[in-house]
Structure formats: C-alpha cells, structure tokens
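Scroll down for the structure; my scribbles are underneath it.
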Amino acid sequence: MTETLLEIDHLSVDYETGRGDLKALRDITFNVNKGEIVGIVGESGCGKSTLISSILRLTAPNTRFREGEIRFKGQDLLQASDRQMRDLRGADISIVFQDPMQTHNPVLTIGQQMLDIQHRSKQSKADKLAHAAKMLGAVGIPDPEARLKQYPHEFSGGMRQRIAIAMALMSEPDLLIADEPTTALDATLEVQIIERLQELQREFHCAILFISHHLGVIAELCDRVVVMYAGAVVESGEVREIFHDPKHPYTRRLIECDPGHIKERARVLPTIPGEVPDLANLPGGCIFRDRCDQAMARCATDVPPLDQLKEGHHAACWLNHEEVTT
Amino acid sequence: MEKSRSELGQIIVGVARDPLGLMGLIIVGVIVFCAIFAYWIVPYDPIAMDIKSRLQGPSAAHLLGTDQLGRDTFSRVIAGGQVALKVALPAVFGAMAIGLTLGMIAGYGPKWLDNLLMLFFDTIRSFPTVMFALAVVALIGPSLQTVVFVVMATSIPTYGRVARTQTLTLRNSEFILAERSMGASMTRILGVHMLPNIIGVLAVLAAMDIPTVIALEAGLSFLGLGVKPPTPSWGALLKDGYSLIRQTPWLVVGGGLPIILATLGFTFLGESLRDVVDPKLRKQR
C-alpha cells in the first residue's frame, strides 16, 4: 500500500524577474503514496501554486528549474518531453482549479466539453456521453443526461466545481491535484465538496494532493500534511501528529489562527504579525525568524535543516535541537 | 435563455426583434433571393442587345428602361446582384477563414511567429487597396476572380488582427489552462475551445464587411478594373449610366440604388448581429 507515486526531491524553482531571481521554491522534498491524500498548507505566496504548476509543467515562461527532480511513478517529469507530459496530463494526473466559475468554456455545453476531454478514448460518441453522464451522476448532479446539454452558466458554483471534479476523475487518474477547490465556495458547499471528494477517493483509489489554507478541511480530509512557508517545507507529517504536536512555530501559529480552533470569543482574531520575506532577497538563517516569537541567536545565522523527529514527522526548527545546543 | 432553441435560432430571433435588424434581414433576404434565382426572375437576357429599343425610359416591358445597347436595365440589376454576391461572399469568407487561422496562430504560437505574421499583416495593410488592385489587374487582367483575390488579400489583416487579439485575451483564461492541464494539444485548444469563442465576433465583422466589398467591387468595375463587360455589375451599370445621365437617368438609378440598399441592409444586419452576439453588450441591456 505504501508504494510511492509522486516524489518531489530537493526541488528548487526560481522565477527570473527584473529584480533578480525570485526563489519561489527551495529544496522541497516530500512524497505522495498511492491512494493517499496529502494536504499542502501555507499562506498566500508560499509557493503552493508554483509547486502544482511545476508538477504539471504548466509554468510561466520565466520559470527556471534550478535543482531537484519531480518523479511520477519513477519518471522524472522535468526531463520528460512535451509530448510525454501532454499524455500524462488529464490521463494520469488531473487537476481541479480554485475558481469553478472560470474553469469551463463558456460557449460549449458541459456535454461537449466532457466529450472533448475523452479525446484519447476510442469509444463511440454514445459510449462517451454515457460515461460523462455516469460521472456527473457520481458527483451528485441530478438528471445528468439532460444536464449534459446545458451551458456552464446554467449551473451554480458548487455544481460547476462538482462537474470540474467529474471531468478530472473521468480518466481515473492516479493523482488528483486539488488547488484550493473550495476556497471560492461558501461553507456549506465546502463540506459537500469535501465529503464528495472523500467518497470518490474511496471509489477511484486515486491519490489526492490537496492544496488549501484552510486547516480544518485539511484535518478532515488528509492523511498527511506538508506545511510550506515562503517556498520551503517547514514541517510535514501525519495529520494527527501535526495538529496535536506541532514542532514548528509557524505550524503552531497557523493552528492558533484557524477560526475553527478559537474556543472563546475573541475581540481581535489572532494573526501572525509580519510578512513573508522578500523571495528575491532572502535573509540568511531561518526564514521564519522575523515573525517567530521564540527566535534565538542561532536562527539568524544558520538555516535549520528539515530533520526527522519521529517516524514520518519532519520539521525545520532549531527549537527541536535544544538538547544539542544547550 | 431557453434551452430548447439552438444557438443560431436564438441569434436570428434576436436580430428579428430589433427593428433595424429586421429591416436588414429583409433587405439581405431579398438580395440573396434575387441573386440565387436571378435567371428565373430576369424578364430578358441581361446581355442580349436590342439596338432598336435603346435608351428607353421605364415602361411595362422594361421596368427600369434600357441602356445604350438596348439591354434591359432591370435584368442587368438583378444579374448584377448575383455578381456582387459572387465577389463579396467568397472574398469575405475566404479572408475570414485565412485571417482567423493566421490570427489564432499568431496569438497562441511563439513570439517570433507572432512578430512575423504581424509584419505580414502590416505589410498588406500599408498598400492602398485601389493601388494594389490596379497593380494586380495590370498583371493578371480584369476578371471576377481578380476582384475576389484583391478583396480577399486586403481584408485578411483585419480578420487576422481581431482573431489575434481575441486569442491573446483567451489564452491566459483559466478554462484554457484547465484544458491544457487535461492534456489538450494546441490544435485541440485552438479548434475546439478558442474557435467557438472567437467566431461570433468575426461573423459580425464579416457581415459589416460585405457592403464594403460590394461597394469596392462596384468601384473597381466603375473604373473598368472589375468584372469584364458584358457581364452585368452594379458598378458597370453606374459607369455606363454616368456618361448618359443627361439622356436617361435610369441607368444611374438602376446601378446606384441596389448598392445603397445592399450597403444599408448588410450594415443593419451586421450591427444588429453584433448587439445580439456580443455578450458584453447583451449584459448591459
């Protein structure tokens, strides 16, 4: 069961800009196993989107892959040809985007679009349409046959997101990337989508890489979590471990800031003061130093390594080295 | 929007609801009908001469009189309409097809190809149309095909530029990214996903362009650079009538009126079509 599907191995990605290289991802390492749901959390600008576009190799033209490998079933995606990548996309790796109002072609019916994404299949048109209707049914769209004839604007946001999920799962991919799929939806729909994703994951046995900044959703859905900060992994491990015993101050603060975790009525919602450091001009030492309330002298000089603290629990903070330093 | 009606049906209904659009639809309908059934409608052979009854005024036998060679003007107007459409339709649709393809490639392809195609478009646009027509006619001689070629060549950049701009705006939209992340190739993205988004705008442009082309054909024929005599053409009618305007004004009326009507009809239709097709204008109402 613990067969590795996706391995991100010391990946560093820069954006070439007028101000110099923007270090969007630095030394990212984590795995996604077959059939596993891995969550990625982090605030805006921490490199989540760069990471997914790197996996799909749909990056902006000024992207430079500096180091590392992205291996999918053992194949290095950064070395694959454009043709090989195109064959992977939508077949072995699919993605659901954040904003369901933008992800469908406004002038084609849902049926036409669902037919089109089956272009690799040699089935007849009727079979493809039947498959499309079956998938719509699976994500809980009532009366799928009639709905196939409708245009995207005739569906609500929640329905459109479910259609996007149906389209992504159509080819039974091994890996589904969900890029904040519930951020643009309201809270009740969020629960629906999450539950649907869980059901579908059980049915299709695909691995899910779930990107979100909503910790509650991650805790609900995922097996493991990767916490990212300013383009680097600061902590990773089992969901239960991370939430009950966070080993990085950033993770701790993130959990404290999650509205779902605030027990008593707060006049002012907790925040993490400060800003993400300038990625084009990174300071030395620990990247979280300026916003950390437990910063020590050592944090300013040395970059803390991502150490294994327990089986499967990694964190990059000098606080975990206290025995060593004192 | 009702779902039972097809997209085309909705557009036609939308145009017919607008008074100007309805007028355009009727005028264009009549012109197209006359052009298709010209040889059943004309009372006389439009190129048969009858010197004995030359330069006659309107009568029951000759509705718009006859010209200096005794040819029936009404028959020549009807047959001229056919010639006008034979030039305008292939030229406009040819230009649209080529312009659309090149424009989409320029908008979606690599930067160097975009620059090359834009240079090509700008080069064509820098020629004055009539000068270009004179040069081409001098090279390959006046004929219907020459007019079609000249008009097509000079209108390609217009369509190309519009298609390119549309493609550029669409290429960064999220649904195109979604298609790419589903493994769609460039041809699939352009053909299946971009084309239906662009075609409406270009169709409107084409409808607005048809009267220009009709006028251009008439102008070239007036200058003797268009279709060869004795083929009837509105421009040729004007040219004949122009020199005989003191003897009989009916030739100028016969040549001029259809040009005005066709221009108005296609323009009304085009404008109304634009209002119906353009989603931004649709929302404002």
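For all residues, glycine too, the Cβ spot is worked out from N, Cα and C.
According to TrEMBL, the transmembrane segment annotation covers B:20-42, B:83-109, B:129-154, B:198-227, B:247-270. Residues or ranges marked as domain 'ABC transmembrane type-1' by TrEMBL: B:81-270.
With a threshold of 8 Å between CB atoms, the same-chain residues lying at least 6 positions outside the transmembrane segment (B:198-227) that come near it are 83-84, 87-89, 91-93, 95-96, 99-100, 104, 129-130, 133-134, 137, 142-144, 147, 150-151, 155, 158-159, 162-163, 166-167, 170, 233-236, 238-239, 242, 255, 259, 262-267, 269-271, 273-274, 277-278. Counting residues 6+ beyond its ends, the transmembrane segment (B:83-109) has Cβ neighbours under 8 Å at 31-32, 35, 117-118, 120-121, 144, 147-148, 151-153, 155-168, 171, 186, 189-190, 194-195, 198-199, 202-203, 205-206, 209-210, 213-214, 217-218, 227, 231-234, 258, 262 in the same chain. Sequence-remote contacts of a segment are chain residues at least 6 beyond its ends whose Cβ falls under 8 Å from one of its Cβ atoms, and for the transmembrane segment (B:129-154) they are 83, 86-88, 90-92, 94-95, 98, 213, 216-217, 219-221, 223-228, 231.
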